[in-house]
Amino acid sequence: MTKNCLNQENCIPIFSENSSGDFFSCNPWLLFFNRNKINYQIFSLKKNDTLLFNSSSRLYIILIGSLIITKVLRNTHKVTLNLLTTGDTFGQIELVDDNFYYEAEAIDKTEVACINYTTIIKACSNCAPFNLFFVNHLVFCSAKAYHFIEIISHKSITSRLASLLLLLAEQNGTQVNNGIMLNFTITHKILAQIIGSNRVSVTRILANLLKTKLISIQKKRIIVHSPVLLSQRILNQ
């Protein structure tokens, strides 16, 4: 997982010179914060733990793990906005609106660093390399967000689910003998929540993918056997 962070397009050499050892000692964000004596907090989240924020001027950095970002309206209706993984960030300068709030739910064990946004802005002003790093990071995150919107915009629920499985395999998968195994267990309910469907539909589609041997389940984890064939299922919908 360290490799995923250090090889992202948004990282520059000054923040990733140490590529060995403990993950937190070579994380580009923490390297910069520690070297410049910048205060930050780290939260450890278990699966299904949730961070709520409705008036915040903080930046949250996912050091390791995955989070679902959801907008919760006053009538408790939820809208999934994004699926974030290791190296991604979320948060805003400030939000004051009684009509909604945001929540971030962990779908596996997750470590999140938290820092005041004013501190980030000050660091960008005082350090040109960090400013470039941060701008490139925002561009990278915008591209990922656009890709996620494309996934959940499919008219076909099957296409949404197949696209999501491919995304999870790419961002949170490990190569095994018979395909790519997701690094964590994920319930049908969570999959349905992410793609804006229901558990019954997701269960039916997964059963079909299992029957056609495009995926399998091992130790409660999904294995994508052939990303190419699974992507064909999207094109044929």
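Every residue gets a Cβ built from N, Cα and C, even glycine.
Your range for DNA-binding region, going by Swiss-Prot and the list 108-127, 148-167, 188-207, is 188-207.
The residues of the DNA-binding region (188-207), classed with DSSP into helix (H, G, I), strand (E, B) and coil, number 17 helix, 0 strand, 3 coil.
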